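As written in TrEMBL, here are the features:
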ACT_SITE  Ser102  active site, nucleophile
ACT_SITE  Glu195  active site, charge relay system
ACT_SITE  His260  active site, charge relay system
DOMAIN    2-122  domain 'LD-carboxypeptidase N-terminal'
DOMAIN    165-275  domain 'LD-carboxypeptidase C-terminal'
Amino acid sequence: MIGLVAPSGPMAPDRIDAGIENLEAWGFEVRAGKHLYDRHPRLSYLAGFDQERAADLQATWTDPDVSAVWCARGGYGAQRMIDLLDFDALRAAGPKHLIGFSDITALHTRIGRELDQVTIHGPVGTGTQLADAPSAEALRSLILRQPGPGATLLTGKPLVPGSATGRLIGGNLALIAGDLGIEPAPDEPSVVIIEDVGESGYRLDRMLTSLRRAGWFESVTGVVLGDFTEADDDDLVAAVLADRLADLGVPVLQRAVFGHGDCNLALPLGAVVDLDAAAGTVRLAA
């Protein structure tokens with residue numbers, strides 16, 4: 001059973017209904033969170049009050065009938081409710097799929113660390129990306145079939161050639177940078193995925209520079225860049241990414257298909273992967 005929750009921003013009721021119908025068409029039974037349709041009465045960018053969003057995620061995760069907790073959308077709000085979760089209770093309920101991206105990066109990072117489990121960076125439950133066949137197939141594969149060692153997760157173009165192995169981490173750059181000083185930096189060999197939406201070049205520069213100054217990349221063995229959609233200047237964004245990442249001394253793969261574009265290939269955060277930037281591949285490690 002899928003539990004659908006809204007830990008961040010709200011969605012129009014008809015979009016939620018359509019998302020539930022779509023998941024049911026995939027063959028899943030869907031259980032909606034109690035506050036899934038809520039909207040904060042004053043802060044309209046939040047799907048209800050922090051305590052209620054946290055309670056929904058908590059109740060859904062600890063529901064013995066639920067095997068996957070799917071976030072309805074991103075937006076903003078996960079950072080406001082995450083410290084209200086009882087991680088001992090989540091841990092006792094056993095590992096479950098956590099699915100989402102963008103603002104859900106905050107949950108991937110914290111739940112992955114607290115519960116020491118793999119989570120799924122992929123389309124949200126009410127998004128249009130689920131209509132994209134490659135996105136849907138990649139997500140189904142991770143939920144239902146759990147691809148084995150050597151399976152290709154991503155392809156892209158080399159920015160800095162080389163190969164690396166590490167635990168797959170990351171997600172939305174603004175959320176990674178926003179948790180600087182709150183979430184610990186990687187402390188083991190890690191391959192980091194990075195994407196973002198609607199950010200100008202100088203803001204991306206600021207976030208990456210902050211991470212560099214904090215030593216966040218010290219254990220990073222490779223970088224994979226996804227989509228940077230709705231940017232004000234695509235050429236400037238490409239120049240910033242090269243300027244801030246190409247001299248880290250690690251392989252960097254660019255133009256991988258994940259993030260806020262039409263196609264958002266699902267990725268198992270927390271799994272160990274092999275990055276071969278020259279070959280343009282990210283694969284599950286043997």
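A Cβ is built for glycine as well, from the same backbone N, Cα and C atoms used for every other residue.
TrEMBL feature annotations superimposed on the structure.
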residue : record                           : Cβ within 10 Å
Ser102  : active site, nucleophile         : 27
Glu195  : active site, charge relay system : 25
His260  : active site, charge relay system : 20
Here the Cα-Cα span from the residue listed as 'active site, nucleophile' to His260 (active site, charge relay system), rounded to a whole number of angstrom, reaches 8
Quick note, His260 (active site, charge relay system) and Glu195 (active site, charge relay system): C-alpha atoms separated, nearest Å, by 8
The predicted model's mean pLDDT over the domain 'LD-carboxypeptidase C-terminal' (165-275) is 98
